[in-house]
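Have a look at the structure below, then the notes.
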Amino acid sequence: MFITFEGMEGSGKSTALNRVQQVLLDAGHGVLLTREPGGSRLGRTLRSILLDLSNDDIVPEAELFLYLADRAQHVGQVIRPALDEGVVVLSDRYADSTVVYQGYGRGLDPERLRELNDMAVGGLWPDLTLVFDLPPEEGLRRAMTRNLREGTSVSEGRFEAEHLAFHARVREGYLTWAALHPARFRVVDATRTPDEVFEDVMRAVRSVLSAPARP
């Protein structure tokens, strides 16, 4: 079972992901928690390039292929082996982030990005993708507060530094992409309390866990 958590910066997806992991572990499931970029050894190097605030001159096409390289390595080295062992894989971001951020956000063709991602991951798409939705102003406020608290404003603050219009396009991109793929996506209202959000998340997770396994 492969479940991905998507959304803007500061949407609360990482917090929910950790809570889901604990519930599944308590229920006896094997669980792998991972993230993009940075879910493999190579990916950690790429993450330091992609998220560093000082790398503000990366052109959209170069950014795209760095993410695709991270993802191909992540799937081949981490995700597929875990799925082959029957482990539930929970990933903080995956291919849909590239479709939305580089497509709707940067202006590249979303459908072409889906095709490139499909090649990078060998056709491996999630069983469930949760999109945590909230206004970009609120998400940025939360994300900047977190980065200041954790001291990552420079090392992981490149997207938080983007102008508000970019984040508005990202939000609309997520909602548009989710509407185009309703069988896999669930949109979660992330403006509510963490407990209310988590109730919705677990409802969706339990639904997909109880469904017949895909071939």
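The backbone N, Cα and C atoms fix where each Cβ goes, and this holds for glycine too.
There are 23 other Cβ atoms within 10 Å of the Cβ belonging to K13 (ATP binding site). Annotation note: K13 (ATP binding site) sits in a helical segment as assigned by DSSP. Sequence annotations record features per position, and here Swiss-Prot assigns ATP binding site to G7, M8, E9, G10, S11, G12, K13, S14 based on sequence analysis.
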Most Cβ neighbours inside 10 Å, all chains, among the binding-site residues G7, G12: G7
S11 (ATP binding site): tally of other CB atoms within 10 A of its CB: 26
Shell of the ATP site beyond G7, M8, E9, G10, S11, G12, K13, S14, same chain only (C-beta within 8 angstroms of their C-beta centre): F132, L134, G139, R142, A143, A190
Nonlocal residues around M8 (ATP binding site), in sequence order (Cβ under 8 Å, 6 or more apart): F132, D133, L134, P136, G139, L140, H167, V170, R171, Y174
